[in-house]
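For reference, Swiss-Prot has these:
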BINDING   Thr65, Val66, Gly67, Gly68, Thr69, Gly70, Lys71, Thr72  ATP binding site
REGION    351-372  region 'Disordered'
COMPBIAS  360-372  compositional bias 'Basic and acidic residues'
Amino acid sequence: MAAPQHTLADFVTDQWQRRSWFTWLMWPLSLLFGLIARIRRYGYQQGWFKSTRLPMPVIVVGNVTVGGTGKTPAVIALAHALAEAGLRPGVVSRGYGVKLNHPRRVKPTSKAADVGDEPLLIARAADVPVWVFPDRALCTQAMLVSHPGVNVLLLDDGLQHYKLQRDFEIVMFDTRMGGNGMMLPAGPLREPLTRPRDATLINDPNFRATPDKPDVYGMRLELDEAWQLNDPTMSCDVSKFADKRVLAAAGIGHPERFFASLRQAGLSPATLPLPDHYDFVQDPFADNPAALEADVILITEKDAVKCERFDDPRIWVVPTTPVIDAGLIDKIRRVVQARNPAIATPVTVGQSTATGMADGLDKEHQDGQPAA
């Protein structure tokens with residue numbers, strides 16, 4: 001089966017980067033969306049809706065825009081940094097595209113179809129507990145049953161998940177920033193660009209911090225040695241493929257970011273952008289002309305966790321190492337150290353509580369079983 005066509009999604013994404021007839025056609029709906037978003041956030045701030053305070057500092061990494069900005073590598077980098085600082089971080093994620101009836105532990109041996117591709121990548125890249133469930137407060141409390149030593153939480157893509165109170169919010173952007181600056185559906189914004197946050201993290205190798213913006217930090221993704229999907233012991237620098245016919249494929253939020261990094265490494269690949277979270281149930285390379293002619297097919301780590309069944313020695317995985325400005329790491333450490341993590345019981349404000357969740361889980365759900 002050929003790679004899926006997503007012309008409509010491409011069209012809308014393109015329109016979100018400018019102000020055009022589409023922008024103004026959607027503008028009335030954007031006003032309504034923006035009003036609802038503001039009321040919702042204000043309602044949680046005022047305690048109209050339930051929200052849970054967990055017995056540990058909560059660090060949120062998220063977007064005000066639709067689409068990928070590099071949250072997953074940022075979470076991995078922060079997990080490593082917090083662990084190196086002597087803390088015991090845990091990660092909670094929604095588990096995008098996965099049907100879950102209860103909180104589930106993500107193990108390095110889990111399947112992406114059971115827990116989601118990004119949580120699985122985090123579990124394999126960072127030696128920390130990773131759990132998934134749409135109700136992140138419930139999920140965290142389940143994690144604490146199995147991992148009572150966790151003393152700081154990283155909430156992956158949870159900026160708009162106000163059911164869970166937080167101590168530090170990181171809003172991420174990439175080179176597209178806020179697009180045309182308009183709310184959905186006229187633009188890519190889930191919330192206004194002016195939304196308060198503790199830090200802004202920009203995934204851009206050319207970003208440079210300036211003194212006039214002390215809470216804006218940069219992140220870059222450095223390419224590591226590629227490894228062969230069928231035999232991970234085989235590795236080489238991606239520059240070795242410069243004289244090969246290369247196809248680069250990516251099912252991430254912004255595939256062009258991956259393609260551009262390969263060009264910067266000296267490659268001139270044909271490209272195959274796939275929808276974000278593409279499941280690879282159908283082989284996108286089977287009858288793609290560029291794939292059939294390619295000597296080498298390069299994919300991302302996020303896609304690799306879904307391609308393990310492919311028996312094709314041409315497929316190589318290109319990992320990246322996220323590098324975050326040290327100033328952001330230091331600021332997070334200060335926030336974590338300022339809060340006493342030894343709170344015994346979650347405190348809930350608003351209409352109801354998630355306290356007591358752990359008692360409602362049977363033993364096999366508490367320890368993450370059945371294993372995914």
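One is the number of the first residue shown, and numbering goes on along the chain from there.
Note that Cβ sites are derived from N, Cα and C of the backbone, with glycine treated the same way.
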(request) Select one residue from Gly67, Gly68, Gly70: among these binding-site residues, choose the one with the most other Cβ atoms within 10 Å of its Cβ. (result) Gly70
(message) Around the ATP site formed by Thr65, Val66, Gly67, Gly68, Thr69, Gly70, Lys71, Thr72, list the extra residues of the same chain whose Cβ is within 8 Å of the site's Cβ centroid.
(response) Asn63, Met172, Asp174, Gly253, His254
(request) Among all chains shown, work out which of the binding-site residues Thr69, Thr72 has the most CB atoms within 10 A of its CB. (result) Thr69
(request) Let me know how many other Cβ atoms fall within 10 Å of the Cβ of Val66 (ATP binding site). (result) 18
